[in-house]
């Protein structure tokens with residue numbers, strides 16, 4: 001529409017594509033940026049190609065833009081270590097702290113024809129897993145309309161001839177929308193949230209009995225699209241105000257993420273107390289977001305920061321890593337794999353780089369089920385994939401396809417002569433490895449290419465207090481806990 005064209009005049013990518021004086025590599029860079037930007041809003045090659053064949057590249061974003069029915073990768077947050085770091089990064093901007101719920105990210109779409117669908121952070125449809133979620137969201141939208149009618153009823157009677165159009169606008173229901181939310185397991189009897197472990201027992205498609213066995217609640221925190229208009233370019237303050245206007249809480253079914261709005265005045269105690277309250281309320285921690293940020297799909301933005309309780313306790317960082325291989329168990333672990341080789345992902349080279357060997361944190365059931373599920377993905381001929389960057393001294397007994405992602409906690413990171421995390425980004429021949437890694441859980445909601453990447457590993461390494469003052473401790477390769 002026309003609003004898009006107006007935006008286009010200011011768009012630096014469009015300006016670069018229109019600038020004939022630019023050298024060809026700059027034009028190509030702008031073309032790549034245009035495709036990247038459009039794809040982040042419409043992650044469908046079919047839609048992209050269809051539009052690219054129809055219109056000039058410079059107009060691609062006006063013909064191919066975010067709309068309900070095609071999920072986009074959610075905006076992600078950067079992990080932070082301390083409340084001080086959060087305040088330093090936000091540097092005087094207004095921000096809000098939302099509870100970070102321990103559930104599954106859900107993008108809830110309603111298209112113009114009234115169809116409702118739920119998508120995971122992986123862009124997979126999860127409507128079959130959460131059939132009650134669309135219903136809860138509809139109820140929340142209806143409740144908001146009812147609330148507004150009650151509020152505007154009296155006003156309309158007193159001045160029904162002044163600005164009728166605005167009142168009609170006020171009453172507009174949410175006919176098409178995209179909501180960003182977390183689906184969390186919920187105990188109706190006690191009226192409280194339940195840990196993720198319970199939610200993870202839900203099957204991919206459920207029947208009535210399953211729905212009542214593991215009950216859920218929708219915790220909504222963002223609105224990305226409303227009634228024909230994309231809100232991605234609006235500030236969080238505007239998006240949240242529209243969310244609260246067009247949806248209303250419904251007891252035990254739909255709530256807004258709890259949030260504390262703050263101005264940066266250097267007072268860490270308020271944040272500490274709020275973080276504590278979040279953790280006591282069965283949440284993982286806080287999401288800290290600046291009020292002026294726009295919604296950038298698939299970007300890990302500096303405007304969204306993640307503050308988890310365990311980061312603060314110094315228990316260690318959490319990493320999402322990919323198992324590449326395994327070592328046969330000994331003693332009571334015979335018959336299953338006793339240890340695994342895990343890797344981070346390098347986005348530039350599309351390679352997996354080993355960062356630790358892990359044998360702790362597994363229950364006996366974990367060892368059984370992980371061995372069974374990974375055995376289906378053994379690499380034929382016992383040869384490693386060319387995508388795997390692993391030193392010979394770590395050669396496992398069995399190699400696997402990169403199919404799973406595991407959440408791992410580790411005490412810290414150190415330079416390693418054997419591991420290959422962020423290799424080439426430190427001094428010659430050195431990589432980064434994790435010390436004292438522990439298995440937490442399998443991340444069903446992540447693809448291997450969404451694992452912790454080598455730049456994040458490098459950043460976490462340099463952010464350690466032990467490294468900040470000097471070149472970082474050497475490791476003694478003693479940290480495999482095996």
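Backbone N, Cα and C atoms are what each Cβ position is placed from, and that goes for glycine too.
What you are looking at is a predicted structure, and each value in this text was computed from that prediction instead of being measured.
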Feature region 'Disordered' in TrEMBL, mapped to one of the ranges 147-173, 174-200, 201-227: 147-173
TrEMBL annotation (region 'Disordered') - matching range among 405-443, 444-482: 444-482
PLDDT averaged over the residues of the domain 'ATP-dependent DNA ligase family profile' (209-346): 88
